[in-house]
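As annotated by TrEMBL, domain 'Major facilitator superfamily (MFS) profile' applies to 1-343. Feature annotation from TrEMBL assigns transmembrane segment to 20-39, 51-69, 75-101, 108-127, 139-160, 181-205, 217-239, 246-267, 273-299.
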């Protein structure tokens with residue numbers, strides 16, 4: 001997302017404000033999470049098949065639209081709406097089916113599966129950057145779409161569930177879980193974590209560019225962050241199975257907060273500090289992706305996990321607010337202070 005946001009801001013939509021561009025990704029996140037509110041119950045009631053194939057087709061289509069779009073509304077409709085809904089149809093079943101196969105080592109298994117996102121975060125920004133230099137950005141996105149198509153085919157062929165569909169309820173949305181205090185409190189906690197931790201993933205590239213970092217290195221910073229997150233998704237999962245999923249989640253979130261306030265906030269144009277922050281934050285934030293669904297699973301039955309994880313995600317729109325609100329902030333981060341325009 002960071003690479004796409006930076007390209008739109010510097011090229012295709014350079015006449016638009018950061019706030020307007022930020023809402024493209026905010027709306028994408030809206031449909032990813034709020035579209036999933038129906039995907040979860042459908043998964044529990046009917047299984048994988050009605051979701052994966054349409055979702056994969058829409059996801060590839062959204063990338064192709066992104067590659068040819070010229071106007072703001074085209075990015076909004078073709079990428080934000082189509083891509084967000086399609087992603088929810090692929091991402092939700094992929095996460096939920098893990099709970100069918102693992103219990104005692106669920107955190108470790110989810111962490112290992114989540115490393116795919118880390119590897120993708122390393123490969124795709126560098127791939128897009130180098131392809132842009134060779135064939136231009138539109139073809140770079142199309143080639144990325146073809147690669148995603150290959151992996152979507154593997155997803156359709158190999159993803160399976162263990163338990164039979166639970167057709168009781170017919171795939172309807174069920175919000176009764178919010179009456180349970182543990183689930184309601186966990187939802188609030190994940191909302192706060194999403195809101196705080198996902199900002200660097202989207203804006204660290206633009207931040208580095210705006211503070212004078214060489215463009216090629218700025219595009220690689222997000223890859224560095226994702227590389228560090230690979231271990232950060234697996235190692236906490238191992239300890240979470242031994243010492244408690246919630247305990248490890250609390251520790252890693254606290255450490256992320258410390259690094260953000262102590263290292264990124266005063267970094268300014270210090271390239272070494274930005275890169276160091278990307279490495280440290282990448283590692284410690286990995287658990288926010290891998291352990292959040294595991295914590296939900298710990299207080300849910302396997303049969304109801306799909307609808308509960310999506311209900312939780314839908315009520316935790318931190319990514320939506322982060323993309324829209326943080327991009328509108330008039331503050332500029334400087335090495336020793338935060339400067340804001342006077343009203």
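Positions of Cβ are set from backbone N, Cα and C atoms, glycine also.
Small disclaimer: the values here were computed from a predicted structure and weren't measured.
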Interface-richest range of 51-69, 139-160, 246-267 toward the transmembrane segment (181-205), CB pairs under 8 Å: 246-267
Proximity verdict for the transmembrane segment (217-239) and the transmembrane segment (75-101), three or more C-beta pairs under 8 Å: no
Interface check, the transmembrane segment (246-267) with the transmembrane segment (139-160), three or more C-beta pairs under 8 A: no
Winner by Cβ pairs under 8 Å against the transmembrane segment (139-160), considering only 51-69, 108-127, 273-299: 51-69
Average model confidence [pLDDT] within the domain 'Major facilitator superfamily (MFS) profile' (1-343): 80
